[in-house]
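A.B. asks: My questions all concern the structure below.
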Amino acid sequence: MGKILIKDCTIVPISGPVIGKGVIAINDDRLHYVGPAGGLPAGWQADTVIDAGDMVALPGLVNAHTHAAMTLLRSYADDLPLKQWLEEKIWPREDRLEREDIYWGSKIALLEMIRSGTTTFADMYFHMDAVAGAVVEAGLRASLCQGLIGLQDTSNKRLEAGISMVKEWHGAGEGRITTMLGPHAPNTCTPEYLTRVAETAAGLGVGLHIHLAETRGEVEDVKARYGATPVALVNKLGLLDLPVLAAHCVHLTTEEIAILAEKKVGVAHCPESNLKLASGVAPVKEMLAAGVNVAIGTDGASSNNNLDMVAETRTAALLAKGITGDPTVVPAHQALVMATLNGARALGLEKEIGTLEAGKKADLILVDMRQPHLMPPNDVEANLVYAARGSDVDTVIVNGKILMARGEVKTLDAEEIYAQVTKRMHKG
């Protein structure tokens, strides 16, 4: 890793005001200095110098909810309601996927994420050891969990796989991999199964990653079965007493929003997937006002259909304004906070990533602002949210290692990945 100096860049630290003509000094895997050039400790020498005169540096983006390997199913089943999409298309196809398929499906996802500025992601799927192996090779940071569909896990084999995932991979990849347990949703797991998973997670010292209140159908189904809404049910069962990352949270009452805030639940808002599946629009304005930690996720590429967090952040900001009729909701800085620090907090990583501050992990991206759609730079944060594209990301650094420079990914062989993914596209 060594020492890296990024000079002459505009810095969006998230934790403070924008810094013009700043420098960032990286010592191995940590940020050593972030600020004006004059403040760099005298005598500090770098092994690698990056001239970033036309660049903006900001924390790496955090994709708070996705299913990386589902990139294999991009454009496979579109324009369908969620229930039909899952039960008639996705789940039958997934039954035919093997470990190697998951590995290569994950690698194409990681390539896409690196190229569009994501440095950390939260993932729920199966054959998660294959996902973890791909993450180690790519150099990204990830929170991984085995997806646990309780109604299909009568022998507890999936739960056992989830436990093995935690024990074998938590802290792997120089600490870049963390783990959770992943009960799929309240309508695909019985209360008894949810309780068992929560108790297991508590014993392992990890949190939970769960889909929650994604569709109106889910809410009605859970109410009909158990006499409570999804949020009320998981709260009653004690799940929310653990660290919880809850994906979607589209259909919520005022009382449920208060519960999420009180229990410090991290919400992964997935606007583009929710729009495409016509699941609804999450009450982001109300959640933020109540103090809920709202992060941003893409969901899987099979329902988005991309993993571009730059685009997702723009959608999150614009959708919140359009649905409320209030143009002041989710201003540019708030959107960037949601895509970085709030994502880190939702994954329990806010002490290490999410802002550019000395002492934190060196996870950052450089965005090339010398683009016609980013000129003039009247407001750097506004340009990043409302005008930037994922393809504007020039450099990606994770844990002090340069994963992409001048748009070239150094840790993955794109042509090999394309060939493998194309070969597996029609499997089964």
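Any Cβ shown, glycine's included, is placed from N, Cα and C.
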A.B. asks: From Arg115, Arg141, Arg158, Arg314, grab the residue that Swiss-Prot records in the same substrate site as Glu94, His184, Glu214, Asp299.
C.D. replies: Arg158
A.B. asks: Of the residues His170, His211, His373, only one is listed by Swiss-Prot in the Zn(2+) site with His65, His67, Asp299. Which is it?
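C.D. replies: Given His65, His67, Asp299 bind Zn(2+) in Swiss-Prot, the matching entry from His170, His211, His373 is His211.
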A.B. asks: Show which residues of the chain containing Glu94 (substrate binding site), separated from it by at least 6 in sequence, have their CB under 8 Å from its CB.
C.D. replies: Phe126
A.B. asks: Given Glu214 (substrate binding site) and His65 (Zn(2+) binding site), what distance in Å do their CA atoms have, once rounded to a whole number?
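C.D. replies: Given the Cα positions, Glu214 (substrate binding site) is 13 Å from His65 (Zn(2+) binding site).
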A.B. asks: Measuring Cα to Cα, how many Å separate Asp299 (Zn(2+) binding site) from Arg158 (substrate binding site)?
C.D. replies: 21
A.B. asks: Which one is closest to His184 (substrate binding site) in space, judged by CA to CA distance, out of the binding-site residues His65, His67, His211?
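C.D. replies: So, spelling it out, the nearest of the binding-site residues is His211.
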A.B. asks: Between His67, Arg158, His211, which of the binding-site residues has the fewest other CB atoms within 10 angstroms in the structure shown?
C.D. replies: Arg158
A.B. asks: In whole Å, note down how far the CA of Arg158 (substrate binding site) lies from the CA of His67 (Zn(2+) binding site).
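C.D. replies: With distance taken Cα to Cα, Arg158 (substrate binding site) is 17 Å from His67 (Zn(2+) binding site).
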A.B. asks: Quick one, of the binding-site residues His65, His184, which Cβ has the fewest other Cβ within 10 Å?
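C.D. replies: Least crowded of the binding-site residues His65, His184, by Cβ count within 10 Å, is His184.
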